[in-house]
Amino acid sequence: MKRTTRYSRKYVPSIDGLRALAVIAVIAYHLNFSWAKGGFIGVDIFFVLSGYLITNILLTQWEKNQSLQLKQFWIRRFRRLIPAVYVMIVVVVIYSVFFHPEILKNLRGDAIASFFYVSNWWFIFHNVSYFDSFGLPSPLKNLWSLAIEEQFYLIWPAFLLVFLKWVKNPKLLLKIVIGLGLLSAVWMTILYVPGTDPSRVYYGTDTRAFDLLSGCALAFVWPFNRLSPVVPRKSKAVLNIAGTISILCFILFTAFVSEYQPFLYRGGLLFVAILGVIMIATISHPASYLSKIFSFKPLRWIGTRSYGIYLWHYPIITLTTPVLEITQPNIWRAILQVAATFIIAELSFRFIETPIRKNGFINYFKGFKDKNYFIWKNKPVGKWLSIAGVVAVLAIFTLGMSNVLSVNTNAEKQQTSVKTTTSTPDEKKDDKKEDKATKDKEADSNKASEQKETQKPDNKNKSAATPKTIITQTVAIGDSVMLDIEPYLKEAVPNITIDGLVGRQLRDAITTATGYKKFNSENSSVILELGTNGPFTEDQLNDLLDQFDKATIYLVNTRVPRGWQSDVNKSIANAASRPNVTVVDWYSRSSGQSQYFAPDGVHLTKAGAQAYVAMLTSVMNK
């Protein structure tokens with residue numbers, strides 16, 4: 001394969017600057033900053049960059065030896081990636097044993113899948129969403145992207161070796177790579193279902209291959225060790241303009257794109273990959289002014305440690321953020337979390353990643369074994385303390401990964417008991433005095449909040465416009481929150497029909513509603529409580545509301561500590577423009593009321609269920 005003049009560039013500092021930009025975007029996204037709701041696209045930049053750099057290495061190796069030396073390549077990759085991630089997994093499991101035992105049951109499977117770099121498929125097959133989950137998210141969920149990269153490192157060199165041996169035409173080879181990337185992007189479009197959680201297409205190696213292959217394609221036409229530092233003025237201007245536009249587009253995507261926007265999975269992420277190609281091409285070019293900007297020393301420091309930063313930031317954030325505050329970033333907590341991430345990443349870089357990458361596993365452990373950090377009475381006490389510490393760590397890790405610790409059962413019982421207290425009608429009789437006291441205590445706050453709930457511009461004076469219709473039948477359709485309030489709602493609204501289902505999403509309710517056609521009449525009221533389990537489009541919401549266009553609809557908004565909360569509530573607020581729809585504002589009513597929620601921050605305690613029903617019936621009785 002003919003290539004242009006070689007320039008001596010084994011290290012491109014601006015590439016580390018680009019890594020820094022990508023990892024900062026990802027951290028800001030996981031901290032739930034409103035200005036970085038699209039920060040997840042930083043992972044796409046990492047993918048494109050990996051494809052570019054690895055293919056550069058392999059093509060250079062082929063030019064030298066007409067061989068890819070796959071064994072040496074894979075050993076180098078394992079040295080670079082495995083030690084740090086294995087240490088992180090062990091530390092997270094041990095930390096969870098002591099401080100978050102309730103997550104151990106699910107964490108075991110996540111850890112094993114992460115050890116073998118198949119966590120992305122593990123999350124797909126176990127329906128673990130990247131964008132949402134009730135309760136404390138898995139602290140290992142960020143390892144899905146490393147799983148894809150490791151799978152790429154195993155598969156791509158073998159494919160490339162076949163291509164290089166059998167496809168002699170470089171243009172044809174480039175077309176094959178581009179074609180495979182386009183097939184991956186089309187496959188994502190085919191699999192994606194609007195209004196549903198996009199995690200299947202987001203996690204899948206098959207549906208994310210276009211990111212990596214975009215970088216691979218760039219390596220064929222833009223090898224960084226062939227880029228001349230001297231170019232014509234016009235070419236330099238093109239580089240600078242294209243690079244600036246691509247950076248601005250990346251910033252705009254980071255600030256304004258949401259993970260639930262359908263266009264992302266219908267070509268949007270492919271566009272991000274193309275942006276990544278342009279960013280890499282311009283930032284890596286020595287003639288570009290962006291190359292100098294991204295070689296700024298602080299950016300390079302972050303970039304060289306970006307692997308450790310990416311590894312550690314997510315478990316640190318998830319394990320130190322209260323469930324109810326996941327969508328409410330705290331600037332001081334965020335500063336401490338970022339500081340802890342950088343410190344641990346630096347320790348990992350100095351004492352784990354760099355020594356093993358340079359010296360290999362055997363020499364690293366041999367050197368560790370031969371060093372005596374603490375001598376007492378001519379005895380290597382430090383060595384034995386180190387060995388004892390390693391044994392203790394492995395013992396605790398083994399216990400955490402086994403079923404010996406039954407803490408998960410206790411956590412499950414706690415969550416089950418929450419549901420039982422809100423689902424057993426008999427308990428209401430025993431606790432009648434308590435219920436009355438609770439209602440009296442909340443009466444004043446209910447009045448104030450309920451006035452706010454029903455006097456918003458879209459709902460105001462709806463009942464005054466027409467004579468009040470006598471309601472003779474009511475149906476309530478919802479998810480597991482509806483099951484939480486069911487016994488209290490039945491007591492407050494006699495003869496009500498309640499249809500609650502765990503995990504129900506709005507798209508499911510559209511089908512469910514067809515079975516309740518008799519409630520689409522002027523003397524009927526319909527309560528809709530949906531949005532807890534995922535987002536929906538306004539078209540889907542309108543399809544549901546259209547089925548009850550003659551009935552009086554009470555549409556309850558949601559409080560769920562997940563990213564789609566604001567989008568769901570915005571769609572619900574827009575529906576208030578319909579003359580037969582009244583929005584009931586549970587989001588405002590439950591603000592600051594942590595006692596209303598179970599540990600997962602979504603389902604209701606007894607007090608929460610009672611407050612919910614009191615709010616709902618107050619609005620219905622107006």
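Using N, Cα and C of the backbone, Cβ positions are placed for all residues, glycine too.
Straight from Swiss-Prot, the features:
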- Ser480: active site (ACT_SITE)
- Asp600: active site (ACT_SITE)
- His603: active site (ACT_SITE)
- 413-424: compositional bias 'Low complexity' (COMPBIAS)
- 425-461: compositional bias 'Basic and acidic residues' (COMPBIAS)
- 412-467: region 'Disordered' (REGION)
- 11-31: transmembrane segment (TRANSMEM)
- 39-59: transmembrane segment (TRANSMEM)
- 81-101: transmembrane segment (TRANSMEM)
- 143-163: transmembrane segment (TRANSMEM)
- 173-193: transmembrane segment (TRANSMEM)
- 212-232: transmembrane segment (TRANSMEM)
- 237-257: transmembrane segment (TRANSMEM)
- 267-287: transmembrane segment (TRANSMEM)
- 307-327: transmembrane segment (TRANSMEM)
- 334-354: transmembrane segment (TRANSMEM)
- 387-407: transmembrane segment (TRANSMEM)
Mind checking which residues reach the transmembrane segment (334-354)? Cβ under 8 Å, same chain, six or more beyond either end.
27, 31, 33, 80, 83-84, 87-88, 304-305, 307-309, 311-313, 316-317, 320-321
How long is the line from the C-alpha of Asp600 (active site) to the C-alpha of Ser480 (active site), rounded to the nearest angstrom?
13
Residues that sit under 8 angstroms from Ser480 (active site) by C-beta distance, when 6+ apart in the chain:
Gly500, Leu501, Val502, Gly503, Arg504, Thr532, His603
Contact ranking winner - 39-59, 173-193, 237-257, 307-327 against the transmembrane segment (143-163), Cβ under 8 Å
39-59
With an 8 Å cut-off on Cβ pairs and a sequence gap of 6 or more, do the transmembrane segment (11-31) and the transmembrane segment (173-193) reach 3 or more such pairs?
no
Are the transmembrane segment (307-327) and the transmembrane segment (173-193) near each other by the rule of at least 3 C-beta pairs under 8 angstroms (pairs 6 or more apart)?
no
Between 39-59, 267-287, 307-327, who has the most Cβ pairs under 8 Å to the transmembrane segment (212-232)?
39-59
Using all protein chains in view, find how many other C-beta atoms are within 10 Å of the C-beta of His603 (active site).
24
Residues of the same chain, at least six outside the transmembrane segment (39-59), with any C-beta under 8 angstroms of its C-beta?
1, 15, 18-19, 21-30, 33, 68, 73, 145, 148-149, 152-153, 156-157, 160, 208, 211-216, 218-220, 223-225, 250, 253-254, 257, 259, 269, 272-273, 276-277, 279-280, 310
Within 10 angstroms of the C-beta of Asp600 (active site), the count of other C-beta atoms across all shown chains comes to 17
State the three-class DSSP label for His603 (active site), counting H, G and I as helix, E and B as strand, and everything else as coil.
coil
When DSSP states are folded down to helix, strand and coil, where does Ser480 (active site) land?
helix
